[in-house]
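Undergrad: Mind looking over this structure? Questions follow.
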Amino acid sequence: MAGSRPVPRPASRAVLAPGVPTRVLAARVLAQVIGRGRSLKGELTTALPQLDDARDRALLEALCFAVLRRRAAYDAALAGWMQRPLGARDAELRALLQVGFAQLDALELPAHAALSATVDAARALGFERQAGMVNALLRRAQRDGFADQPARAAFPNWLAKKIELDWPEQAAAVFEASLQPAPLWLRVNGQQTDRGTVLTQLQGAGIAAEPSALAADAVCLPQPVPVASLPGFAQGALSVQDLSAQQVADALSLRKGARVLDACAAPGGKSAHLLERDPTLQLLALDIDARRLKRIGETFARTGVGANAQVRAADASAPDSWWDGQPFDAILLDAPCSATGIIRRQPDVLLHRRPADVEALVALQARLLDACFGVLAPGGTMLYATCSILREENQFQIEAFLQRTPRAGFLPLDERFGHDCWAGRQRLPGENGADGFFYARLLRKG
Ligand SMILES: C[S@@+](CC[C@H](N)C(=O)[O-])C[C@H]1O[C@@H](n2cnc3c(N)ncnc32)[C@H](O)[C@@H]1O
């Protein structure tokens, strides 16, 4: 993992110049993500704590995101500018060059600082002999710039084709929006404060913020800020959650004190939101991944909800192993999915997702739908949600479920939830400033 090696200190200097460790870490994170198939989130989780300054941490994230979004342009430039292509063994050197390009191109940092910190980072990474070449390539980038690539070029061809087939009119906008930085969406914890108070506090702190007309607890910060600096964040008055994810609570609209199952709950964002709305819910939060499950406890502790909730590591598709036989009034099935609606937040999806993953996910989602529906009370509702934009995981998945399940019906959702997909609704990435998301509200007939 990128973060497990400490940032090197070159023999010639006692301390690296400011900004050099950030470039070193960015190159290492990207080499792991691009070259070795590791997840960006996982690598950043280990790398970020190595930087003390919040501005350096923000720069590290910005560099990694910028490179993953603009990789097609940077690779094309390198192929044109280098006489001998870099080999697979040069993954860190290639990543460092891309980090250099991102500073000049996407982030538009002052060229002098970008060049000197990146050349120093090359030395710190052990590429002493290549430092001159790094310098020359960055100067070339500064002079020539990068040819614009169509946004589609950042997508693997199989995925671009699927999106074009599913959303012929919107595909170009989906490609574009998936490569844009996302705003910061906050959720206001109604147990601690209210949206008007939060907006006043943010205004007082000089932070631009807008309430959403689509979700009662949602506030949008067009320019993201470090969350720790937000008033009330540490106390759980605010949480980071995209508008689309927040709308799940509106789509479910639970009766007070209902018995609710959150079948795929980790890290607990939607469970916490439901409990912030109504702490008297009898909530069972399941997740198959025991490590991710720990984060539900952290989420509940920070937001101050969940004292009465049950949290269990279990396979929701096998109720025999966890169900006590009492049906649930409502179920949230926030299913594992291709994450194709949140590429702007997880650009490494473009690198890691394979067609076979989608097939396996579609089969798992179908098993989860059938199993969860079996523990739903007559008259109860089950919200099926994904952060995918592929119809096979969404509309077609629900159509097949309704066809094989005579006791199931659906309750339509209105246009606040996006494009009409018969039994469900789809928001595409960037629409309303939000992530791509699908919702279907299913009903168990009496
Ligand atoms: C989209 S995420 C859930 C996000 C969560 N609802 C939130 O708002 O914080 C999907 C989750 O499904 C879990 N999962 C996958 N297969 C599962 C299964 N068979 N049973 C229970 N959970 C499962 C994954 O571990 C993952 O945490």
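Note: Cβ is positioned from N, Cα and C throughout, glycine not excepted.
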Undergrad: Which of these, Asp250, Asp329, Asp334, does TrEMBL say binds S-adenosyl-L-methionine at the same site as Cys264, Ala265, Ala266, Pro267, Gly268, Gly269, Lys270, Asp287, Asp315?
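TA: Answer per TrEMBL: Asp334.
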Undergrad: Report, in whole Å, the straight Cα-to-Cα distance of Lys270 (S-adenosyl-L-methionine binding site) from Cys387 (active site, nucleophile).
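TA: That separation, Cα to Cα, works out to 13 Å.
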Undergrad: Return the maximum Cα to Cα distance in Å (whole number) over the record's S-adenosyl-L-methionine-binding residues: Cys264, Ala265, Ala266, Pro267, Gly268, Gly269, Lys270, Asp287, Asp315, Asp334.
TA: 19
Undergrad: Please state whether DSSP places Lys270 (S-adenosyl-L-methionine binding site) in a helix, a strand or coil.
TA: helix
Undergrad: As a test of reading the model: what is the averaged pLDDT for the domain 'SAM-dependent MTase RsmB/NOP-type' (174-445)?
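TA: Here the predicted model's pLDDT, averaged over the domain 'SAM-dependent MTase RsmB/NOP-type' (174-445), is 97.
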